[in-house]
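Chemist: The structure that follows is given in the form of structure tokens.
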């Protein structure tokens, strides 16, 4: 019996000690608002940086974001592999009735509360807990203490990073990789999203923003070679969502035309998805009035489509309004989110938006990757934002936490899928065999 228990201990130790994969350095880019067709085959001809990356690595047809196709929900989905109703970051604007605290797209101090962030553990926290060195640049949330942990370094987002900020972040990250100071570097860049909002997804301004990113990425491939990192660094580039055209003043739904705003306890967000908390005793009245409004759908929480993986979120409101593509919901026209244009006044019209049904074509994002663990010149089928996490865990050599991603959708892009498969705890089959053997 002593020999059996000794053998059992050895089996358990060996099974727990299996590595997740080869442990290489990982550089991650989150390019906000980058729609999948911005790098179509035709578009790549005028984007030498992206074209080189595609030829050297993997490009998926498109990436489907989580619902709602907004930034913060997908920032967390990408870094946890979990749907919004699981990680609890369900919007850019949230309200917790129990504490009367609000999350307002990261601009208020209450947005830094663990209340919003501790619903799941993002990859950068897992790596930091594993004694990996994590450097983050402008990444929303890196300044927050999550589950009692902060990354090694966080250059906090305060204003929209410039193209020079972006280039400097890339250069600095590569220097930290070269010196051995970093295991993971994550860089966030927003300008493509900003220009897409202000001028529209097909505008010259959005195209110029993309070309500026392309130039930096072209230099990046050269800098990797100069620092002799090409055999030890994987690079992954993805976006949180796409962008579609909107037409202000033509396709606006003003709630004050249908209901009394005094009958609402709270309203969060404007645009494709709006959250309403009716005042006590007003739920049915508001719901029935809004059911008749064209170009949008009003859902009671329990009736939200299951395919959105949204309704179980703890911060989801009693009523959720979802606009048809291109339509914009607001309390009234005066509260439309104008932006400060060249006049110095907040009077600029928004011409692009996102947040709509995540299955719509214009909401699709991108995923690119290259490096020693990825196939070269490989085109992959579409993936979903929940799938990205497992890829990052695999090439970083870390065991993924339980998640909603599909390994089968991403395994094709890796050179050695067997050694790159996410590590797991001992399987039920192995444990069952051990138990049967002990009882024999």
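Each position is counted from 1, following the chain as shown.
For all residues, glycine too, the Cβ spot is worked out from N, Cα and C.
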Chemist: Looking at the substrate binding annotation from Swiss-Prot, with 32, 71, 193, 241, 354 already listed, which candidate in 92, 256, 262, 341 is the matching residue?
Modeler: 92
Chemist: Do me a favour and check the Cα-Cα span between residue 193 (substrate binding site) and residue 32 (Zn(2+) 1 binding site); whole Å is fine.
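Modeler: Cα-Cα, rounded: 5 Å.
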Chemist: Give the residue from the disulfide-bonded residues 142, 154 that has the most other Cβ atoms within 10 Å of its Cβ, counting over every protein chain displayed.
Modeler: 142
Chemist: Out of 71, 142, 240, 404, the recorded positions in the record, which is closest to residue 92 (substrate binding site) when you go by Cα distance?
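Modeler: Among 71, 142, 240, 404, 71.
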Chemist: Tell me which of the recorded positions 71, 92, 118, 341, 404 sits in the most Cβ-dense spot, judged by other Cβ atoms within 10 Å.
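Modeler: Compared across 71, 92, 118, 341, 404, the most Cβ atoms within 10 Å surround 71.
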Chemist: Any idea what DSSP makes of residue 71 (Zn(2+) 1 binding site), helix, strand or coil?
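Modeler: Note: residue 71 (Zn(2+) 1 binding site) is helical by DSSP.
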Chemist: Spatially speaking, which of the recorded positions 100, 341, 354 is closest to residue 71 (Zn(2+) 1 binding site)? Use C-alpha to C-alpha, please.
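Modeler: Given the candidates 100, 341, 354, the nearest one is 354.
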